[in-house]
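Contents: one structure, followed by commentary.
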Amino acid sequence: MPATEKQNQTYITEFILLGFGDLPDLQIPLFLLFLLIYMVTMMGNTLILLVVVAKQHLHTPMYFFLSNLACLEMCYSSTILPKLLAGFLTGDRSISYSSCMAQFFTFAFLVGVECYLLAVMSYDRYLAVCKPLHYITLMNGQLCITLAAGTWVSGFMISLVITLMMSQMVYCDRSEIDHFFCDFTPLIKCSCSDTFLIEAVTSLMAAACTLLPFLFIAASYILIIITVLRIPSAAGRQKAFSTCSSHLLVVTLFYTTLILVYMLPKLHNLAAFNKLFSVFYTIVTPTVNPLIYTLRNKEIRGALGKE
């Protein structure tokens, strides 16, 4: 394993992702399971993209943001799963320092984008339900592009700052990462540097890209629920809320697993559960999201039926 000498101490330049190595008898079944999940994720999200692009009546703000989410989910899976699948087949779980930093940067970037994108989608639903007469003028094409670009740029900048700080840390002696990808908490545990500053900065930035969007989403749905309850007819209420149900389900799934993953590391003897919830958060959710939108969305089901 390559190493560099600095100040009479040897620093590692390679990590070992322990992943699911403690389950030797399940390597092939896990490989087949995750390969199936990867294929379903890529096909499901690709199908959404193709349908939205091909069908003129789906060229609306809601489906524009949904297309961004589909791209995001495919990037998610492609950041983590190929390396994990290769490890199952070859047994080689090593990852170079630069590859680990790149994987962490990409993952953190996509997490930030998804948090902001879900908030933007909730704003779109708020305007559609609460301001229907002004929806077309308020949520115009220029605003859609600006909001979408803002989510990607914001996620990129936050991830860049954290990754640059992480790259300045020294990783020595402890080269094993008890995870299946390079995430923040496992990497911090491998460092022999003072981690106070980076943990403080990361906590602030995590609050900016998770807590604030979550509060915005919650406020949007409170206003949506109040508006829906004021609709006199039951059919009208059902129709209004049906336009939000898929997004609300995706938000619930995303934030539930996100909270579980990043609260559990602070508890004792729950590393295995943290790894399990991480699977749902990083691998299963991108697979389920396109199913939620295709099964619960009449317009997409109708477009698929006409293919």
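Glycine residues also receive a Cβ, built from the backbone N, Cα and C atoms like all the rest.
A quick note: this is a predicted structure, and the numbers were derived from the prediction, not measured.
Taken straight from TrEMBL:
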type     : residues : note
TRANSMEM : 28-51    : transmembrane segment
DOMAIN   : 44-293   : domain 'G-protein coupled receptors family 1 profile'
TRANSMEM : 63-81    : transmembrane segment
TRANSMEM : 101-123  : transmembrane segment
TRANSMEM : 143-166  : transmembrane segment
TRANSMEM : 204-229  : transmembrane segment
TRANSMEM : 241-264  : transmembrane segment
TRANSMEM : 276-295  : transmembrane segment
Listed stretch, out of 101-123, 143-166, 276-295, that has the most CB pairs under 8 angstroms to the transmembrane segment (63-81): 101-123
Local confidence of the prediction over the domain 'G-protein coupled receptors family 1 profile' (44-293), expressed as mean pLDDT: 88
Cβ-Cβ under 8 Å with the transmembrane segment (276-295): same-chain residues at least 6 beyond its ends: 34, 37, 40-41, 44-45, 47-48, 66, 69-70, 73-74, 76-77, 80-81, 107, 179-181, 183, 246, 249-250, 253-254, 257-258, 260-261, 264, 301, 304
